[in-house]
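J.: Structure in structure tokens, see below.
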Amino acid sequence: MKVLWVALVITLLAGCQAEVEPEPEPEVQLGREWPGWQGSQPWEQALGRFWDYLRWVQTLSDQVQEELLSTQVIQELTVLMDETMKEVKAYREELEEQLGPIAQETQARVSKELQAAQARLASDMEDVRSRLAQYRSEVQAVMGQTTDELRGRLASHLRKLRKRLLRDAEDLQKRLAVYRAGAVEGSERSVSAIRERLGPLMEKGRGRAGTLASQTLRERAEAWHQKLRGRVEEMGTQARDHLEEIREQLEEVRAKVEEQGSQIRLQAEAFQARLKSWFEPLVEDMQRQWAGLVEKVQLAMATSSTSAPSENH
């Protein structure tokens, strides 16, 4: 299969590199229908939009054509060109990712020729845009004079450019088809290689499964028992460690509570001492005043009792 692939690529590249002699073209009136472009890939559809837009410009009347060429046609063709080349590049990169391992020399040659075909297509589209821009400049230069000669020259140039564009687009299409075939073949080889590598592993897995199935129920039960016992012992150890950790935390809390109780007791005693130091002098002073008052009352009563008998005599 690999030999057929290499032969196909070499044959196609040799045919694409052959010199193509330009054929004389029949005179075609401006605006006459010319073949469209069809394809299913995104880049082919983008090129078809460029092709259809250029054909639509060709079918316009002279006055409308001149007005459009002076404003929007060049810009819209530029957008369509960029879109086409972007899709071509994306499709080529996608194929390069899918391309399997082939001969290094053949792969490099295919890639080089494909890039050259892509560059020729871009050059053809750029020539179309440049020719339309030149026609617009020449129309503006004649300042209202007859433009029949200019339109004739434009039609002749566009016929040649259309033919070259179609030829290079078909060339690129063929090369991408070859590239695509190589990518599919590479994918198939990759799947086969993976299958070959997985085969021994699958056989080994089936053999291991058979070995496990042949073990006695007692051996498997013993294995599960050992595993379960180890798990229970592990859980018991974890539980003991957790309980020890809780006990240590409770001891720390109790020590902190006792420490805080001692601090509160010391603070209460200090506060009591401060209260005593505040009120003790006041109490002593009140006691002295009370003793003096009692003494004065007693003295007054004694004086009153001695003076009363004297008055009776």
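Every residue, even glycine, has its Cβ placed from backbone N, Cα and C.
When I checked Swiss-Prot for this same protein, it listed these features:
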- LEU161, ARG162, LYS163, ARG164, HIS225, GLN226, LYS227, LEU228, ARG229, GLY230, ARG231, VAL232: heparin binding site (BINDING)
- 79-251: region '8 X 22 AA approximate tandem repeats' (REGION)
- 157-167: region 'LDL and other lipoprotein receptors binding' (REGION)
- 209-286: region 'Lipid-binding and lipoprotein association' (REGION)
- 262-313: region 'Homooligomerization' (REGION)
- 274-286: region 'Specificity for association with VLDL' (REGION)
- 79-100: repeat '1' (REPEAT)
- 101-122: repeat '2' (REPEAT)
- 123-144: repeat '3' (REPEAT)
- 145-166: repeat '4' (REPEAT)
- 167-188: repeat '5' (REPEAT)
- 189-209: repeat '6' (REPEAT)
- 210-229: repeat '7' (REPEAT)
- 230-251: repeat '8' (REPEAT)
- 1-18: signal peptide (SIGNAL)
J.: Record lists LEU161, ARG162, LYS163, ARG164, HIS225, GLN226, LYS227, LEU228, ARG229, GLY230, ARG231, VAL232 as binding heparin; longest Cα-Cα distance in Å?
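T.: So the maximum pairwise Cα distance among the heparin binders is 86 Å.
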J.: Under the DSSP assignment, what numbers of helix, strand and coil residues are found in the region 'Homooligomerization' (262-313)?
T.: 51 helix, 0 strand, 1 coil
J.: Could you put numbers on the helix, strand and coil content of the region 'LDL and other lipoprotein receptors binding' (157-167), residue by residue per DSSP?
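T.: Summed over the region 'LDL and other lipoprotein receptors binding' (157-167), the classes give 11 helix, 0 strand, 0 coil.
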J.: I'd like to know the mean pLDDT over the repeat '8' (230-251).
T.: 81
J.: If you count other CB atoms within 10 A of each CB, which of LYS163, HIS225, LYS227, ARG229 wins among these binding-site residues?
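T.: Most Cβ neighbours within 10 Å: LYS163.
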J.: What is the total of other Cβ atoms whose distance to the Cβ of LEU161 (heparin binding site) is within 10 Å?
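T.: I get 19 for this one.
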